[in-house]
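Structure first, then comments.
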Amino acid sequence: MPTPTSHLKHTSPQVNGSSPTKLRMIDSHAHLDFPEFDIDREQVFDAMRSAGIESAIIPGVSPEHWDNQIAVARQFNCPYALGIHPWYCHSDSLTLFDDLKERVSRCCDDVKLVAIGECGLDKLRKSNWQAQLIQFERQLTLAKELELPIILHVVKAHNEMLTLLKRYALPKGGVIHGFYGGVELANEYIRLGYKLGIGGLILNDRALKLKNCIASISLDSILIETDSPSMAPENSAETRNTPLVLHSVVKEIANLQKKTSVLISEHAFLNAAQLFDL
């Protein structure tokens with residue numbers, strides 16, 4: 001059985017005045033409950049821990065997924081979030097949101113419930129755009145009431161997203177999952193108190209705007225993620241992504257920032273621990 005994550009309560013990046021010498025990481029966004037991992041989930045977690053990946057945040061996507069998601073999170077001692085992904089906003093029915101509120105209420109004493117999400121706006125799915133907006137605003141309200149951070153999915157809807165984040169002014173902020181923008185957009189989110197989830201897209205040779213952005217922003221604003229099992233790097237021989245890709249993500253950020261991988265991983269680790277109160 002993997003080691004519990006109770007040791008994750010964040011500490012200073014320095015111990016006895018010396019800098020850390022070993023990579024430790026948290027995958028801030030990995031759907032390790034998805035069926036792609038049913039065949040070897042325990043082996044994946046063993047490989048993660050052996051590689052210095054101490055934990056992963058498992059986001060929620062829909063009522064149909066929550067039971068298994070929570071079971072996997074508890075089995076492997078992972079923090080998790082509960083939310084309705086924009087792809088699953090099939091209607092603006094209050095019943096759908098009531099399901100989320102009821103599940104969050106049942107889990108409110110679970111210290112592993114650390115955020116609301118994955119939720120947000122996705123204009124590639126325009127057929128349910130109005131339902132997305134309504135369900136997303138409800139989830140923003142819930143996150144604000146509970147004083148929890150929020151995990152955000154944003155595709156081609158940054159103007160609408162920024163408008164809503166300014167309106168709701170969440171006290172705990174959150175993270176822009178799978179950030180893929182430039183410096184100006186990054187700074188708009190950072191000024192509102194949000195961190196940027198950086199994953200395998202940074203490994204894309206054509207991601208020049210993102211690379212330039214990451215080269216210049218503060219490390220205090222960066223989380224590392226994989227979105228496993230999705231978003232495998234384009235040069236990967238594997239179609240299924242896993243948290244082990246974090247090593248490549250950290251190495252690329254280190255190259256762009258002209259810093260060591262240990263420093264990058266430590267900052268990202270502490271950022272995640274602080275945001276999600278791990």
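Quick reminder: no glycine exception, Cβ is built from N, Cα and C everywhere.
What TrEMBL lists as divalent metal cation 1 binding site is His29, His31, Glu118, Asp227. In three-state terms derived from DSSP, His29 (divalent metal cation 1 binding site) belongs to neither a helical nor a strand segment and is classed as coil.
Sequence-distant neighbours of His177 (divalent metal cation 2 binding site) (same chain, six or more apart, CB under 8 Å from its CB) are His29, Pro59, Gly117, Glu118, Gly120, Ile151, Leu152, His153, Val154, Gly197, Glu225, Asp227, listed in sequence order. The divalent metal cation 2 binding site annotation in TrEMBL covers His153, His177.
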Can you tell me how many other Cβ atoms are located within 10 Å of the Cβ belonging to Glu118 (divalent metal cation 1 binding site)?
30
May I ask which residues of the same chain, at least 6 positions away in sequence, place their Cβ under 8 angstroms from the Cβ of His31 (divalent metal cation 1 binding site)?
Ile58, Pro59, Val61, Asp227, Ser228, Pro229, Ser230
Whose Cβ, among the binding-site residues His29, His153, has more other Cβ atoms within 10 Å than any of the rest?
His29
Per DSSP, three-state class assigned to Asp227 (divalent metal cation 1 binding site):
coil
Around the divalent metal cation 1 site recorded as His29, His31, Glu118, Asp227, what other same-chain residues have a C-beta within 8 angstroms of the site's C-beta center?
Ala30, Pro59, Ile151, His177, Gly178, Glu225, Ser228, Ser230
